[in-house]
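Notes to accompany the following structure.
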Amino acid sequence: MTLESMMACCLSDEVKESKRINAEIEKQLRRDKRDARRELKLLLLGTGESGKSTFIKQMRIIHGAGYSEEDKRGFTKLVYQNIFTAMQAMIRAMETLKILYKYEQNKANALLIREVDVEKVTTFEHRYVSAIKTLWNDPGIQECYDRRREYQLSDSAKYYLTDVDRIATSGYLPTQQDVLRVRVPTTGIIEYPFDLENIIFRMVDVGGQRSERRKWIHCFENVTSIMFLVALSEYDQVLVESDNENRMEESKALFRTIVTYPWFQNSSVILFLNKKDLLEDKILHSHLVDYFPEFDGPQRDAQAAREFILKMFVDLNPDSDKIIYSHFTCATDTENIRFVFAAVKDTILQLNLKEYNLV
């Protein structure tokens, strides 16, 4: 074999090896691209207290590891703090609304509770338990609770306050429902990834209060679906940030912005009309027509009210080709969310079969 033929042979081996390496790299790049596509980004949007964080907690219960005893124990002081926050809100509202306590001793109880620094609460001492129970049973406080739309009070107030005896026991461990109902305003961005049928669903929850929305902008890339939550029960409530603006009008304005954003042109939109249980309770004594005069359906009819609210939101979509997928939900009800999210998952996968190499 001549030197030239030996060199040609070595060269062709090098070329072959180089080609093989190149092919491997190309293959890996294609694989990486495919794997990246197997991650679906779901952006959870909605105004403050619409139920986004509760929805994320449900995903952890339904599709993740759930909450261990240790995890639940971590919520104990938050439950206590929620109770104090609720009672303090009602004590302040008693003054604002000029409602009198029926029982004289409750003036002293109110003073005791009012002076508590909620953020420093880590235990639930007997004197506070006793004061809160006596206050909650006062007809004045009950009247104040019935007028809660006139001030800011957590949806979980009644749930916790009617169960103070259980929560006050020594060795109290929050239940799954206690965890779901804890209210902690979301500041910043919370991501929760979970794996379903070899596809990663990355759910992103951003704060709903106005001050938090500035932080949304960088979440807008590669969003598969927008999941927009509306609290059905907020039709007669005012904003935390502005007490002369209706919460549902704010929610509508935000939804209109979202469905018309160029960023979201290719993202599917799923509308969750949440807190259907609270609507059913509230509609019996607070009439939708008083806040939305265009409502011409029957009073005290939850079905008519929710269909009207759904239509109000769907009508904000100017693109007739874009379908708004909608579901009525109760985010604190695990079985309801399990059922609804199974349907949502199927919708998202159907819409993205080709894009995400799922076929």
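Heads up, the Cβ atoms here are built off N, Cα and C, so glycines get one too.
These come from Swiss-Prot:
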type	residues	note
LIPID	C9	S-palmitoyl cysteine
LIPID	C10	S-palmitoyl cysteine
DOMAIN	38-359	domain 'G-alpha'
REGION	41-54	region 'G1 motif'
BINDING	46-53, 180-183, 274-277, A331	GTP binding site
REGION	178-186	region 'G2 motif'
REGION	201-210	region 'G3 motif'
REGION	329-334	region 'G5 motif'
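A map of Swiss-Prot features onto the structure.
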residue : record           : Cβ contacts under 8 Å, 6 or more apart
R181    : GTP binding site : T54, N82, D155, S156, Y159, Y160, T332
N274    : GTP binding site : S50, G51, F55, L229, V230, A231, L232, T329, C330, A331
D277    : GTP binding site : C330, T332, D333
Quiz item: DSSP helix, strand and coil counts for the region 'G1 motif' (41-54)?
Solution: 3 helix, 5 strand, 6 coil
Quiz prompt | Local Cβ density at G46 (GTP binding site) - other Cβ atoms counted within 10 Å | solution = 25
Quiz prompt | Number of Cβ atoms other than its own within 10 Å, given for E49 (GTP binding site) | solution = 26
Practice problem: Taking helix as H, G and I and strand as E and B in DSSP, count the residues of the region 'G2 motif' (178-186) in helix, strand and coil. | Solution: 4 helix, 0 strand, 5 coil
Quiz item: DSSP three-state call for N274 (GTP binding site): helix, strand or coil?
Solution: strand
Quiz item: Using DSSP, how many residues in the region 'G5 motif' (329-334) fall into helix, strand and coil?
Solution: 1 helix, 0 strand, 5 coil
